[in-house]
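Peer 1: Copying in the features that Swiss-Prot gives for the protein in this structure:
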- 145-157: compositional bias 'Polar residues' (COMPBIAS)
- 251-272: compositional bias 'Basic residues' (COMPBIAS)
- 286-299: compositional bias 'Polar residues' (COMPBIAS)
- 35-103: domain 'BTB' (DOMAIN)
- 555-577: zinc finger (ZN_FING)
- 583-606: zinc finger (ZN_FING)
- 619-641: zinc finger (ZN_FING)
Amino acid sequence: MCSKRELRMLMLHYSKHGECILQEIGAAFRGEHATDLLLICDGKETVRAHKLVLAAASPLIRMILEETPVLDGVTTVYFPEVQVSYFRLLLDFLYSGQVYVRSVEEYHHLQDLLALLQIKASIWKNSDGSGEGEPRKSEPLVDINRNTEGITGSSVVHQHPSRRRRSKSQDSLSGDSASGGGGTGSQAGTPKKVSVKSERHSAGSSVDGDGDRDREENLEYLDEVEEAIIKSNNNHPLHPHQHHLVAGSGGHHHHHHHHHHHRQLHQIKTRSRRSDPSANRRRSSSDPVNLSIVKQQQDVDSDDANIDVETIGTATTKTLLPPRYLDPFRTKRKAAAYYIHPADAEALKPMDHEGLLHNSPDNYVVTPHRKRRPGFHNSPAQNPPFVPSYLDDLRARSKCFLSAPPTYLPELRPGSPTSVRHAEIAAGLSNNNNSSSNNNNNNNRIRPPSADNKLAVAPFVYPWPTAALAGLPGGPSDLLGLPYVHGGGPNAETSPADLLQQMKNFENSQAELSARASAAGGGGGGSGGNGSGSGGVASGGGGGSMGGNTAVREYRCEYCGKTFGMSWNLKTHLRVHTGEKPFACRLCVAMFKQKAHLLKHLCSVHRNIINAPEAGGRYTCCFCSLVFETLQELVRHLSGHHNNLLLSKNLHE
């Protein structure tokens, strides 16, 4: 800081003001601090930037920000057909003042992006305006790096109205070094990078002879550099391609035609006499193209707030947006960006298929498993009661009906010698022998229909609903086990009263069979009784292979439909669904569904207690002082004498 007193006032001069501002802006861009502009490119890739920086360079961004109300401080602009890599190059160029492009294709895309954002060509093109004021003290560094991949030549040709020199023999330039007004040259044969220093003077109000002489020397020097590069790269094929840069002096604009060789890098640096020596530093790159911002001298009548839109010379402009996006913003040059404000952050995120799953604990259904962790209780609400299906009973008891439908039964054909009368079937149902209930009996076996006899069609019988069948005595399983009986011919009709009488007769016969089987088995229980409380249902039926008078009882689980032959097996199984754990370990308060699991737990987990080293290999009861020689004796002792201590309901006693 330095202070100066002038007209009784103090002026503070911030000598490094611009440098500090640029450093802060660069740090904010690299760290994405205080970003208020979100750019969404192709593939939903995002880039964050600052409105102030982009609005200062792009009239399109400034117009978007002026027309869009700011709600949350962040504005989102969509560029659906612009790759994010090109936008990063543009941001590096706007924030740092220069950018290195590695291919000609990227350079062209960057040019198109500059044109899309309506960025003036004077910002990045080297042009000198003629001013009427005093000469400028210093001018910044201007780097024009040309990538030669796909472009013929890397030289710069200045077309001057009065003079143009390109007559140098290649033989004379093979050993000479090119030198110019700045006293610095580059050899023609060896280097791939040619650095040129030239001295420029700002044009004043009048053009003198010294300025013309210096300009002519610069043109001659550039011609020598061009021919030196052509000499050093004469083996590379040429591809005609031109780029136009706007340059002028004394109010005239001259077009410079650039011819580039394949895979040849050429850099021309133009510096002023009073430029800072620190500006000599350059960043190295394998194949760069460098664009640098040039400070333009503003005209007196120019208005900074009104910036005209200019195109970039004759460079090829590719259509980056579809025509439907060009309607909202139509200026001197048609270019626009589809934007939405404010941004919907949820719409930008990709579809998350895993997020569709509800992770609520209520949606986790625990399947029955015999091995559970100690203390785990399964909620009965998560296990709906099992709804039994009587189709299995129908298949088991009426296998003969599966071979042919009732309309194809030989008993229904009139005049058949093997037909069975209704009276005989009723007598067979009331008979006490077991052969009437056996489906495999040869006397009642139904044979398949023959081809010589005509098929008889049985009359339609109204199907009984499930609720009506369940309300009838005897249970639905017995009704489904009732075989189809028809007493008349094929044209006879059966009344509901006859069907009810047949059902009652079948029910009485089944009751007599069950009573006789229970009496023979020593009071094994009645048919259809409750076998396990509310969790299981016990049912009885005739046993074909169990003997003459032995009834087979089965206990069905209402939750999963499993059947068991003994009630205690069903009772133990129901603990899987209800989560009941009636057995508990007093040593570690672990709970179990079965006593066998608790005894196994005591003999394995607490083996150091029941089989202590000081016991001499014998087993000690953990509840009393008795000692046993074998583990089986200890288990028998725990299960018998200390059975109450194994129950969880007596855990607190």
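Using N, Cα and C of the backbone, Cβ positions are placed for all residues, glycine too.
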Peer 1: For the domain 'BTB' (35-103), would you mind checking the mean pLDDT of the predicted model?
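Peer 2: Here the predicted model's pLDDT, averaged over the domain 'BTB' (35-103), is 84.
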Peer 1: From the DSSP assignment alone, can you count helix, strand and coil residues within the domain 'BTB' (35-103)?
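Peer 2: Going through the domain 'BTB' (35-103) residue by residue, I get 32 helix, 15 strand, 22 coil.
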Peer 1: What are the DSSP helix, strand and coil residue counts for the zinc finger (555-577)?
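Peer 2: Here the numbers are 11 helix, 5 strand, 7 coil.
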Peer 1: Just give the helix, strand and coil counts over the zinc finger (583-606), going by DSSP.
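Peer 2: Going by DSSP assignments, the zinc finger (583-606) contains 10 helix, 4 strand, 10 coil.
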